[in-house]
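Asks: Starting off with a structure, shown below.
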Amino acid sequence: MTSTKSPIGGHVPVAGGLATGGLKYAAEIGAETVQVFVSNPRGWALPEGKPAEDEKMRAQDLPVYVHTPYLVNVGSPTQETLEKSLASIRHSLQRGRAIGAKGVVVHTGSAVSQPYEAAMAQVHDHVLPLLDEIPDDGPDLLLEPMAGQANMLCAKVEQLGPFFEQLEHHPKLGVCFDTCHAFAAGHDLATPGGMTETINSLIATVGENRLKLIHANDSKDLCASGRDRHENIGAGHIGEKAFAELFQHPAVAGIPFIIETPGRAPEPHGKDIETLKRLRDSA
Ligand SMILES: [Zn+2]
């Protein structure tokens, strides 16, 4: 594999330990990169790591990413949710550093019932200090635009612009581009040229070298559905050709791909990774 080839892997379950369970699953699905949760994705608990597992994660070669829990929302008008969200992001960043992660993914969130401006002011006031806390050898914080449900702060890639302004183009700030979310938000990735145009627009919005991770997911729903339902690669409305086009974009060269596709067994995940490797290697 040359250095410009994107490593392709998946979100892995970590039952049995980050390294013991997660890396075993990674090997079973042929993953060249992994994403993990470092706490319950549907809760607020902030568990400590196991030093031996952390050490094994640091000692292995696959690029590692952490996804923050689903409940995190820095745009929330509820003080308790905001505080728990910030503690959760801080925890993921610290745990991420302990396992040698390159990036921590956070959803861009929702204003819920408050004005957009108030939610974005919270992003500035509370997330900028978190970015400043990250040591040089710590992970980047990667903003992941959403599928475009009501009151979302960022769904279209152009809406990353205000985030980068509020966060003062911090050197530790990056982007995780989720193909299913972008398609649901209205970027027509399935039309020839659509994927290229969307990535061009993303780069024009945030600048070069900010795209750090791809979440490669097909979509069960049509473009602009606003629905976030992932499908296996090639089995949804985005389709294989769009992923082939994605591999051809120069800004994507070398950027890791993580699948978050359906299936609770290694088999469908292994197949998705195999499909993406084939598209990558023939790009
Ligand atoms: Zn995603």
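Backbone N, Cα and C atoms are what each Cβ position is placed from, and that goes for glycine too.
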Asks: Looking at Zn(2+) 3 binding as recorded in TrEMBL, which candidate out of His169, His170, His181, His187 goes with Asp228, His230?
Replies: His181
Asks: Of Glu32, Glu133, Glu144, which one shares the Zn(2+) 1 site with His67, His107 in TrEMBL?
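Replies: TrEMBL names Glu144 for this Zn(2+) 1 site.
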Asks: What does TrEMBL list, out of Glu245, Glu260, Glu267, Glu274, as binding the same Zn(2+) 2 as Glu144, Asp178, His215?
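Replies: Zn(2+) 2 site check in TrEMBL: besides Glu144, Asp178, His215, the record includes Glu260 out of Glu245, Glu260, Glu267, Glu274.
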Asks: Let me know how many other Cβ atoms fall within 10 Å of the Cβ of His215 (Zn(2+) 2 binding site).
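Replies: So the number of other Cβ atoms within 10 Å of His215 (Zn(2+) 2 binding site) is 24.
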Asks: I need the least crowded one of these binding-site residues (Asp178, Asp228), counting other C-beta atoms within 10 angstroms of each C-beta.
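Replies: Asp228, out of the binding-site residues Asp178, Asp228, has the fewest neighbouring Cβ atoms within 10 Å.
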Asks: Using a Cβ-Cβ cut-off under 8 angstroms and a sequence gap of six or more, which residues of the chain neighbour His230 (Zn(2+) 3 binding site)?
Replies: Cys180, Asn217, Asp218, Ser219, Lys220, Gly236, Glu260, Thr261, Pro262
Asks: List, in sequence order, those binding-site residues among His67, His107, Glu144, His181, Asp228 whose Cα sits within 10 Å of the Cα of His215 (Zn(2+) 2 binding site).
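Replies: The binding-site residues close to His215 (Zn(2+) 2 binding site) (Cα within 10 Å), listed in sequence order, are Glu144, His181.
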Asks: How many Å separate the Cα atoms of Asp178 (Zn(2+) 2 binding site) and Glu144 (Zn(2+) 1 binding site)?
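Replies: Between the Cα atoms of Asp178 (Zn(2+) 2 binding site) and Glu144 (Zn(2+) 1 binding site), the distance comes to 7 Å.
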